[in-house]
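Taken straight from Swiss-Prot:
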type	residues	note
DISULFID	CYS236-CYS238	disulfide bond
DISULFID	CYS269-CYS272	disulfide bond
Amino acid sequence: MSDYLVKSIDKTKNLRLLTITAKDVVGEAQKRHDLWSASAAVLGRTLVGSLLLAGAELTDKEELTVRLLGNGPVGPTIVTAMSDLKVKGYVKNPHIALSPKKNGHIDVKKAVGQGMLEVTKDLGLKEPYTGQVPIVSGEIAEDFAYYLTKSEQIPSAVGLSVFVNPNNSIGEAGGFMLQALPGASDALITETIKRIKALPALSTEFLDGMTPEDLARKILGTDCKILEKDDVAFSCDCSKEKYAGILETLKSSQLKAMINEDHGAELTCNFCGNKYHYTENELKDILAKKKEEKDY
């Protein structure tokens, strides 16, 4: 089953729901960054949550960046999602595995630690907008919900799931984001939350073949309306040309050292792990572009 996101609405048109399956997205991140179990769970949940947030809020060529800045062993987690539902991300420490909790689950809360959750949205305005809330749970889903409720005043419920196999590959990944629209009654919200609490573990459901459409009907009822279905993917827009532009910003003395001492340079993209090698001659060409500039 390919990765995709579904948007739906309940029969009263007062509850909006986004549901997603993202096994391949998280699997690609796991392979690119060689993630161990705890790191895979943290980055995976953040990737899924960021895609749900992008699906709910972005249009045109907008993008958002989620920074989960916890003091746990995984370290900061950075994810960027685009309006076309392409996502990329990384954790500072990819090789973290922790003792499981008593129920056998990965201790995501311990891996994340305490800190802040920041969401920066580039909506094509002069300045990006950043909202910030404390990490209240560390389980990540609750932290996204807290951000939406406190920073954006949108009453929300979020569920995120990543199942990591014993060999660190990804067995499943997915989740949901429920948002109450202004006309939603307390009774409607209460009834829907009861449905969510009655759900079996999302990981079990996705492993058993549940689709985003299935999850939407379980949460909103079988009479909900499916509005939209869109593919999602792990994708990075880095390139050798972009990194050459970064090299051009270095001082001439630094470029000369790379040429004369290192005889080349290799840069690695944090988001996707792609490596870009520059030969001496390529570095000389970059240095030549700077010759008309005043070097400080």
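Any Cβ shown, glycine's included, is placed from N, Cα and C.
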In the chain carrying CYS238 (disulfide bond), residues 6 or more apart in sequence that have Cβ under 8 angstroms from it:
CYS269, PHE271, CYS272, ASN274, TYR276
Tally every other Cβ atom lying within 10 Å of the Cβ atom of CYS236 (disulfide bond).
18
Inside 10 Å of the Cβ of CYS269 (disulfide bond), count up the other Cβ atoms and send me the figure.
18
